[in-house]
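Feature list (source: TrEMBL):
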DOMAIN    58-512  domain 'Major facilitator superfamily (MFS) profile'
TRANSMEM  132-151  transmembrane segment
TRANSMEM  163-182  transmembrane segment
TRANSMEM  188-208  transmembrane segment
TRANSMEM  220-243  transmembrane segment
TRANSMEM  249-268  transmembrane segment
TRANSMEM  341-360  transmembrane segment
TRANSMEM  372-393  transmembrane segment
TRANSMEM  400-421  transmembrane segment
TRANSMEM  427-450  transmembrane segment
TRANSMEM  488-507  transmembrane segment
Amino acid sequence: MSKSSSVDQNLQDDLRSPLIPSAAATATADGYSKQKKVTMDQMLEKYCGDFGWWQFSHFVLTSFAWALEGIHTMIMIFADREPAWRCSTNRLCDSTAKSVCGLEPGSWEWTGGAASSTVSEFGLICGQKYKVGLVQSLFFAACMIGAGVFGHLSDSKLGRKGSLTIVCIMNAIFGCLTAISSDYWTYTLFRFLSGFSTGGTGLCAFVLATEPVGQSWRGVAGMSTFYFFSIGIAALSAIAYFFQTWRSLYIASSIPSIIFVILLLPFIHESPRWCLVRGKVDEAMKIMRKIAKSNGKHLPDDVVLALDSEVNDDVPDSQSVSKEALNGSLLDVLRLPLTRFRLFLAVVINFLCSVVYYGLSLNAVNLGTNLYLNVALNAVAEMPAYLLTALVLDKLGRKPLAIGTMWFSGIFCLAGSLAKGDGTWKLVRMVCGVLGIFGMAGTYNLLFVYSMELFPTVVRNAALGCATQASQMGAILAPFVVVLGGGIPFAVFAFCGIAGGLLVIYLPETLNRPLYDTMAGMEEAEAKKPSNLS
């Protein structure tokens, strides 16, 4: 070929190149357009594994935060207890008296010294005894506020892991500051601040632990988080046994939070679902590739994560995906009639369940042994309920199991309210209380899983925070119901259990349903169902 012919051919190619893409360019464009978009649940099921080694290790590490919540919540049992006392002189002191209120000042003394509890050090006896209940109620009130605040923050810029990190650091700081309280009101302030951070601990840990789990294992995994709460309470009993003074107990109970932040949190990943709805698709894909590799699976390069509302779109995706962050708040939940109705039911049901759970726990504290053993046995006694509900959760479904456990508890509470008198009837009431708390412990566990699955990722923590706030309101009310005495507490608990079960009827079944990412995706999918109440 001549030189002039070669030049003409090159010129012709240059003129055509802007109009006709090269073969390589065509292949690249086809590769982008043929990327397969899948939802998070589809990717877990087909490519990464629903519950492999990665999810198991991540679940265990994250769920240890539940043990921290159990410690910081139940420490009041030991720190605010009324210690034993004894006569310091033979005159003007009746050692058989049930209370020190009628004794002469200086004629008696605390057996373990004034530093053994806040009651003995701050003089919270007789006319000041109400202050013990006040500080405990304020703690639960702060938990209610913290659940709402950190529920919103974990859905927005902080994320699940960021929020969990902050609340654990706050727990450690406020726990140590509580130990140096100089008076009752300073102690109350730091307990209020501790409650604020504690209210977000279990909430953030629960969502972070369960969101990377596929839908076939999500129910069992979610219900297993409460084992760690019980483990934390049992561990607290051991800690309190070795640290007998309330100040040393608060310092010792803050150390696990410090250990968690330093040794465990660095190995915990952010939720890929949160990354997805925040527009950080590249980061979400990196986590999903780690999950697949750790589980011995293969995630193809042409598969990309997408929101459930985008899976059926035909818009080509580039290899480096970056989307606008989706923000959601409680107002978004209230705007949509579907989620507004679900939120109302979730709040009321969680409130009723909490009244029964905490109320029966207070009634069943005295097992005839020492305080440390009592608390440990109460924690261990709830574990069979967690196990049984976890075993049948994916067989019976969330809705029938929630109804059954609430009615089970309500029926035995009703029987307890009708069992009057002493002797054998006293034993009957005790059995009814044990069976009542057994049923409601299963419900309390189940409601976290159920409530989580009722709302899409973009507002999940905000909605779950509201449900948790309702639970804390029930915890605040429960002690006031218990002090009514007689058969009234059992009657109130029976009403709450039966009424809660009736309200569950109006919730949808979420078994084998996907976790939706967006409000639009959930609304579209639910509209295709024949009934939202099924």
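Each residue, glycine too, has its Cβ placed from N, Cα and C.
Bear in mind that TrEMBL entries carry predicted annotations, made automatically and left uncurated.
Not measured: the values here are computed from a predicted model.
The transmembrane segment (488-507) makes no contact with the transmembrane segment (188-208), as judged by fewer than three Cβ pairs under 8 Å among residues 6 or more apart in sequence.
Contacts between the transmembrane segment (163-182) and the transmembrane segment (249-268): present, as 3 or more C-beta pairs lie under 8 angstroms, all at sequence separation of six or more.
Taking the domain 'Major facilitator superfamily (MFS) profile' (58-512) as a whole, pLDDT averages 83 in the prediction.
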